[in-house]
Amino acid sequence: MEMLQGLLLLLLLSMGGAWASREPLRPRCRPINATLAVEKEGCPVCITVNTTICAGYCPTMMRVLQGVLPPLPQVVCTYRDVRFESIXLPGCPRGVDPMVSFPVALSCRCGPCHRSTSDCGGPNDHPLTCDHPQLSGLLFL
């Protein structure tokens, strides 16, 4: 009986290993296409731009006894390599710099979230919400 249980366990483990080696059920951390709303205080317009951002699944762990042991650091999908592109917002009044920069993800990684450079919160309910009217044209510089 023990031998049969051992063979069954071995069979289940070998099938699980083959299943786990395939493409993950959740997409891993990687650059994806996204549309961002860009506006600036003092300029009466909002422009949407197409860029790449980091998104996807990063494996994390939680302690079972959370009250006894300190929490484990959690990782997020964040930029590894990034460049910034700039656009000129049309219609800005004299004295207001019309240039606005936005990130373009070149590669991503799972790592700690640095609040100084990233939004560490969850997804926004309205990521394309603007305070000003939207324009459809872009001026890349």
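Cβ from N, Cα, C; glycine included.
Looking up Cys130 in Swiss-Prot gives a disulphide bond to a cysteine among Cys29, Cys43, Cys46, identified as Cys46. The cysteine that Swiss-Prot pairs with Cys29 in a disulfide, picked from Cys43, Cys77, is Cys77. Disulfide connectivity taken from Swiss-Prot links Cys54 to one of Cys43, Cys58, Cys92, Cys108, namely Cys108. The disulfide bond recorded by Swiss-Prot for Cys110 joins it to Cys58 [selected from Cys58, Cys92]. All protein chains included, Cys54 (disulfide bond) registers 24 other Cβ atoms within 10 Å of its own Cβ. Relative to Cys58 (disulfide bond), the recorded positions with Cα atoms inside 10 Å are Cys77, the candidates having been Asn33, Cys46, Asn50, Cys77. Cα spacing between Cys46 (disulfide bond) and Cys92 (disulfide bond): 11 Å, rounded to the nearest whole number. Within 10 Å of Cys108 (disulfide bond), judged by CA to CA distance, lies none of the recorded positions Asn33, Cys43, Asn50, Cys92, Cys130.
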